[in-house]
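Enquirer: From TrEMBL, here are the annotated features:
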DOMAIN    36-286  domain 'Nucleoside phosphorylase'
BINDING   R76, R120, I121, G122, T123  phosphate binding site
BINDING   Q199, R201  substrate binding site
Amino acid sequence: VLIKNPHLDSMEEDILYHLDLGTRTHNLPAMFGDIKFVCVGGSPNRMKAFAQFMHKELGLEGSGEDVADICAGTDRYAMYRTGPVLSISHGMGIPSISIMLHELIKLLHHAKCRDVTIIRIGTSGGLGIKAGSVVITDTAVDASFQPRFEQVVLGDVVVRSTDLDRELAEELLACSKEVPDFPTLIGHTMCTYDFYEGQGRLDGALCSFSSEKKLEYLKRAHKAGVRNIEMESTAFAAMCRLCGLRAAVVCVALLDRLEGDQIRAPREVLREYQQRPQRLIAAFIRRRLARC
């Protein structure tokens, strides 16, 4: 794990405030040194459920129902460990996932982790695909369909690449054959800073465009290769790439945005949809561990 910050070397202690961990208060190599897979997602409850699911999938002792939140001392994020798998929530949007990733990457560095694969699993709005389809991102693009993440640093705009690991995406697609009861595809993922106007929705408290303009924009996005829309992938891809982490984004589409804006599927259907990326990643992790 590559840390691109020379100031860390001169710090006597690194407090990972939002994770309720630190280099002086915790033995991070003992706690996390053998972690090989990190899975992140927006919802704390969903990431706890994923940890419990992986506990069963890996055949670990006990029921897994009492898996402990490592970050219980803070209400910002939740973190669970299951064997070599770390499951962490990141909240919603680029600012929230960015904070978590800074501290997670430092955690992996301090713990002396090696050969770590990190995967974001979540939900998204589909574009020209059936609800329930799982999209494996090849490139995260911004709202102008460009493969970049822009951030203002000390008043200057810094632009970073958002390419993801192509071999990892292909490996995940191959693993999808083990869970063939839902469609899986590779495509671009568009990342926005907003859920409503930023994604061309007509149902927010504010709307400054017509339904015709909205549909024309979404069709242009689809023509540019975008197959789903969410709010974290550009920051995730850029930070993981800079720090030498093999990374992937795997999200299920809850609806086709070309057909509407609001999610109307029953809760039990949505619950099954949300489990699809988890099932795919479980198959991937099982395959990797079997190979080892």
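Each Cβ is built from the backbone N, Cα and C atoms, and glycine gets one as well.
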Enquirer: Give me the largest Cα to Cα distance among R76, R120, I121, G122, T123, the residues the record lists as binding phosphate, in Å as a whole number.
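Expert: Answer in Å: the longest Cα-Cα distance is 20.
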Enquirer: Take the C-alpha atoms of R120 (phosphate binding site) and R201 (substrate binding site) and report the distance between them in angstrom, rounded.
Expert: 24
Enquirer: Just going by other Cβ atoms within 10 Å, which of the binding-site residues R76, I121, G122 has the emptiest spot?
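Expert: Ranked by other Cβ atoms within 10 Å, the binding-site residues R76, I121, G122 bottom out at R76.
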Enquirer: Determine, to the nearest whole angstrom, how far the Cα atom of Q199 (substrate binding site) is from the Cα atom of T123 (phosphate binding site).
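Expert: Computed Cα spacing between Q199 (substrate binding site) and T123 (phosphate binding site) is 14 Å.
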Enquirer: Over the domain 'Nucleoside phosphorylase' (36-286), what does the predicted model average in pLDDT?
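Expert: For the domain 'Nucleoside phosphorylase' (36-286), the model's average pLDDT rounds to 96.
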Enquirer: Excluding near sequence neighbours, so keeping only residues 6 or more apart in the same chain, what lies with its CB under 8 A of R201 (substrate binding site)?
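Expert: In sequence order, the residues whose Cβ lies under 8 Å from that of R201 (substrate binding site) (at least 6 apart) are F195, C207, K214, D261.
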